[in-house]
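A.B. asks: TrEMBL feature annotations, pasted as is:
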{"type": "SIGNAL", "residues": "1-30", "note": "signal peptide"}
{"type": "TRANSMEM", "residues": "276-299", "note": "transmembrane segment"}
{"type": "TRANSMEM", "residues": "360-382", "note": "transmembrane segment"}
{"type": "COILED", "residues": "444-471", "note": "coiled coil"}
{"type": "DOMAIN", "residues": "628-793", "note": "domain 'SSD'"}
{"type": "TRANSMEM", "residues": "629-650", "note": "transmembrane segment"}
{"type": "TRANSMEM", "residues": "662-686", "note": "transmembrane segment"}
{"type": "TRANSMEM", "residues": "692-714", "note": "transmembrane segment"}
{"type": "TRANSMEM", "residues": "768-793", "note": "transmembrane segment"}
{"type": "TRANSMEM", "residues": "839-858", "note": "transmembrane segment"}
{"type": "TRANSMEM", "residues": "1104-1122", "note": "transmembrane segment"}
{"type": "TRANSMEM", "residues": "1129-1150", "note": "transmembrane segment"}
{"type": "TRANSMEM", "residues": "1156-1174", "note": "transmembrane segment"}
{"type": "TRANSMEM", "residues": "1195-1221", "note": "transmembrane segment"}
{"type": "TRANSMEM", "residues": "1233-1255", "note": "transmembrane segment"}
Amino acid sequence: MQQQPERKSIFWLLCLFIVLSETQNQWVQAQHCVWYGECGESVLVPGKRYNCNYTGPPIPLPEEGHDLLLELCPGFDYGNRSLCCDVQQLQTLKNSLQLPLQFLSRCPACFYNLMSLFCELTCSPRQSQFLNPTDFSPDPAHNKSNVKELSYYISNRFANAMYNACKDVQAPSSNVKALSLLCGRDASECTPTNWIQYMFDPNNGQAPFAIDPVFTDVPVSEKTPMDNQTYGCTEALEDGSGPCSCQDCSQACGPKPVAPPVPPPWTILGQDAMVVIMWLSYVAFLFLFIGTILGTWCYRKRRIMSEYGPIQDSNLPHSINNDPVDPAHATCCETVGERFESALRQLFSHWGSLCVRHPLPVILSSLVLVASCSAGLVYMQVTTDPVQLWSSPSSQARQEKDYFDSHFGPFYRTEQLIITTVNGSWDTFQPNMGPDVPFGPPLAKDILHQVLDLQTDIENLEAKYDGQTVKLKDICLAPLAPYNDNCTILSVLNYYQNSHQVLDHIIQDEFLVYADYHSHFLYCVSAPASLNDTGPLHDPCLGTYGGPIFPWLVLGGYDGTNYNNATALVITFPVNNYLNDTEKIGKALAWEKEFISFVKNYSNPNITISFSAERSIEDEIDRESNSDIATIVISYIIMFVYISLALGHIHSFRRILVDSKVSLGIAGILIVLSSVACSLGIFSYAGVPLTLIVIEVIPFLVLAVGVDNIFIIVQTYQRDVRMPQEELHQQIGRILGDVAPSMFLSSFSETVAFFLGALSNMPAVRTFSLFAGLAVFIDFLLQVSCFVSLLGLDVKRQESNRLDILCCVKLSEGQEEKTDGLLFRFFKKVYAPFVLTDWMRPLVVAVFVGILSFSIAVTNKVEIGLDQTLSMPDDSYVLDYFRNMSKYLHTGAPVYFVVEDGHDYRTLEGQNAVCGGVGCNNDSLVQQVYSASLISDYTRIAFTPSSWLDDYFDWVKPQSTCCRYYNTTGAFCNASVVDKSCIHCRPMTASGKKRPTGEDFMKFLPMFLMDNPNPKCGKGGHAAYSTAVDLKGNVTDVGATYFMTYHTILQSSADFIDAMKMARELADNITHSMELEGKGYKVFPYSVFYVFYEQYLTIAHDTAFNLGVSLAAIFVVSTILLGFELWSAILVCLTIAMILVNMFGVMWIWGISLNAVSLVNLVMSCGISVEFCSHIVRAFSISTKSTRVERAQDALAHMGSSVFSGITLTKFGGILILALSKSQIFQIFYFRMYLAIVLLGAAHGLIFLPVLLSYAGPSVNKAKVAAAHERFVGTERERLLKF
């Protein structure tokens, strides 16, 4: 019984011994290495070495490697530091991980996991657990063997965790994710497995031997997968490093931002609200109006009153043939109005008499005045610069553009080609592995060779400027100059280094093609910044100029990210732009001219080219203006011929040459043109530049106003009868006293309205208003002086029976009796009575109010903007470019978020407010722009911004080889330089690993901005950021800086306007979150198109302001010049307002958008409408007929015929010719709008206004009636009062 316990004890001791032996066995096996030290040179990657095969235990690391171990693999820094690597292997590991370090260290967790992967591979004392060498080669030099290939067992958990921590990390300088540069393919196609496979593939140019990763979570072939601890990107590290930023870790961002819903349209019962409201309002008006008419008619029928009696207030008949009116019954305003009217009549009567009595002094004085003013045309400057034309110097966009240009230089000039194939066929690439890949027609090799020839020819173009030869290399953007003078050429051919030889590179055998231009293309579009395509070709993707070629900039017509499906190639030549350097800009313009000429004449049956240069739009606008000169001249000739012939009042065929007034008509036209010349000359003296709108629109406007006045003067004379004992100068003076106040009313109203229109912030509108106001006023002055004198001379010629023009020839026949003109008789006997019949008047009101209601309903539907294609001639090559740009291009314009001078980047608080990496604020500038890019359909921000600050922090880290300097001189030492005197900028200490602040920040920043990217340091800031940071104070502080990204594709004016609006909202939010209010600086967005589209943000307000000011000016002037008749002025303004509102209706129907051009036309229509309305209203106000209807007939007969023949017919003939113009802008904004102005003006002035006056015209001014009675009774003119 005692032996049994003893046996049990022996048994348990034996078990314990076996367990301990097995544990010792496993421990010994765990300490087993697979390599140690470096041996022979790699065959696959020259310059790198294999590791030496070694199966012994780990060896303590020499002391000189302790710091390096602590830097790279601090997890192994314990005990005697026994490892399976020596110091040289650690140094090789450090060198190999420089690029991942520079791009991934933004996220500490990501880089920690990555370093864990490589540290376990390189140095782990338990390598044999998860590494299995499978191939060796002898190394006679070291008498050892090389490890040529091995398997690395990695757990899926570790691989997934490492990938998840790194998948969102950004590469700020490239606006892409870092994995796009480190995975050998686009980040969207990168997975945990293919990323690790790529890093271990010798074809990437970094791994000296093949490493086959085996992904498993369970032991395989006695190997336990490496499954070290990992950190998520939202976790802080034990060394104190914080979690990754939202920009580099989507899990840290919380919910993805959601765009606010699009506000639903305003509807009532499912229909547009404005349409419903205006329809109901119109129906209600009709009921009210018709009810009032019927009620009034019934009331008067019972009272046996005339149906022509007043509706609003009493208007007892006042006929001066009845008993005289007692002036004492006149109100104060009526008396003042009569006295003012009488003063104007006497003033103009005396002046007209003077002009006829002394014609030569008046004419000579006028000629001297015109010559003196017109002499200023010598100093005339014509502005064709779109920026000067459409953007006010005080506008926000203009000030921001000037700020950007002065701190960073103006945005580069762009020369661009969009190339498509003619009947090209699709190509299919068959890779060794995977499905077939289709390639679009432009990507066929023969097409690429032809395009490369074209590109090379363009590079070699030579232009002449001031006797100098200018080539592309003299003016192009070369960001790495002077180290790399190659021009920036954004072209798919730059994937092949712009070389036919590289394009033809191919690796194949008799059976298979292993690599050619197809495979290189597929790699480069995924990793455009790569220096090695990792395939058998090992060709670089980086452009010859030293920067990446992003596929979305050089390819077009593809779907999603399937760049191989591209149907267009885009080649862009950025050219340097200069601020106030005439010579350099002149060279660029000269080369662009040669470029345009070359491409226009280039012919290739296989490709089609659409293109544009920086100067193209301005050139085409100039050409358009020149080509339209003939059309404009024909238009004016037709109007001139009509005026010359229509002024004459022919009594008989035999007297046609006597009664014609061709010479007087020509003189009147010359006076109109002289007034335009005077206006241009006076403002040229003042240094105010002209615009094409001024030159094209003002003659039309002044001709409309001037001709109307000419017809009024001449036709009033023709209808007048000279009284006995009245001399010619007295008659013309009396006539001028009658009509000049009306002319003065219209001209002065227009002048004041135009001058007030100059308050506009829009340069085109302001310039037009200034020139137009002065031209109209000078035209009036010349008409009441010079033209009156010429009229007197012409009447004397006619009365002496001398021929028109040939005034030396005299007829023998006597003068015939005067008769009324045909048009006057038509208006007097037919038209006026018809329009003012009982049944016609309500119909006119109903129709015009209906048109007004419709126009109000669609006013808010008029599109805002100007389609850029409309500014080009029909035959312009730029139109093809615009069409293809909208059809093929996939990227919008660059947008820069500018932080103005004043921000302190040397403090952590200042850095955190801007940067996007670890420790940065969640609402920092970079973070907010990044968040906006996540909802790009709403914000129009396409990508994460490039951030010089974040890249600088990565560049200056002590773990990186980027930031070094010579310890002897302190000068910058590039990472590619091998020199022991080069030391790291910052120490490998806890403080050294933190961001630089204070003097340290500024000490190394200039080095960063001058460092060119290279294989050992991809973070150099010279190429990407040399212009992004404005250093000041002798390079002691940071001034203004910018952070660049891109807009999404923008095609319509609405897209451009919305993009600018959203960018400004974003910048305002950034300014607020950075708490910059009151600090004297802000954040603003800048893009090259903002300066042109800013006007559309306020165009509705500007339109309302300009038209409102014009109407207010017309109201005030009309009130005064109509003898303080407030109601008359209200009716004038009401009718003009109806014309303007109806113009918006026409714009909606005819597809005319609201922009600066149409706004100028609307302002002009306001002025021309005065001509249609004011003469009629004044004639009505001074008429002494007994009822409103009779007074309206009187006004329509006397003034309507002159307005119709003077302005309507004159303009109608000239406008029709504009339809023949080749210019789309002329056809739309001039022909269509001018035609609408004339037709609406004539319809309202000659149809609606008389009817309105017949219903609601002002009562007779009793003081004027009394004055007229005193003036006419007892004279020969008394019979005229019985009309």
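Every residue gets a Cβ built from N, Cα and C, even glycine.
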A.B. asks: So what's near the transmembrane segment (839-858) in sequence-distant terms, Cβ-Cβ under 8 Å and 6+ beyond its ends?
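C.D. replies: Residues 272, 274-275, 277-279, 281-282, 285-286, 289-290, 293, 1138, 1141-1146, 1148-1149, 1243-1244, 1247-1248, 1251-1252, 1254-1255 contact the transmembrane segment (839-858) from elsewhere in the chain.
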A.B. asks: Does the transmembrane segment (768-793) make contact with the transmembrane segment (662-686) through 3 or more Cβ pairs under 8 Å, each pair 6 or more apart in sequence?
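C.D. replies: Contact confirmed: at least 3 Cβ pairs fall under 8 Å.
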A.B. asks: Select the range from 629-650, 662-686, 1156-1174 that forms the most Cβ-Cβ pairs under 8 Å with the transmembrane segment (1233-1255).
C.D. replies: 1156-1174
A.B. asks: So which of 629-650, 662-686, 1156-1174 is most in touch with the transmembrane segment (360-382), counting Cβ pairs under 8 Å?
C.D. replies: 662-686
A.B. asks: For the coiled coil (444-471), what's the mean pLDDT in this predicted model?
C.D. replies: 92
A.B. asks: May I ask for the residues of the chain that lie six or more residues beyond the transmembrane segment (1156-1174) and have a Cβ under 8 Å from a Cβ within it?
C.D. replies: 390, 693, 697, 700-701, 704-705, 708, 742, 745-746, 749-750, 753-754, 757, 762, 764-765, 768-769, 772, 776, 866, 1095, 1099, 1102-1103, 1106-1107, 1110-1111, 1114, 1118, 1132, 1135-1136, 1139-1140, 1143, 1147, 1203, 1207, 1225, 1229-1230, 1233-1234, 1237-1238, 1240-1242, 1244-1246, 1249
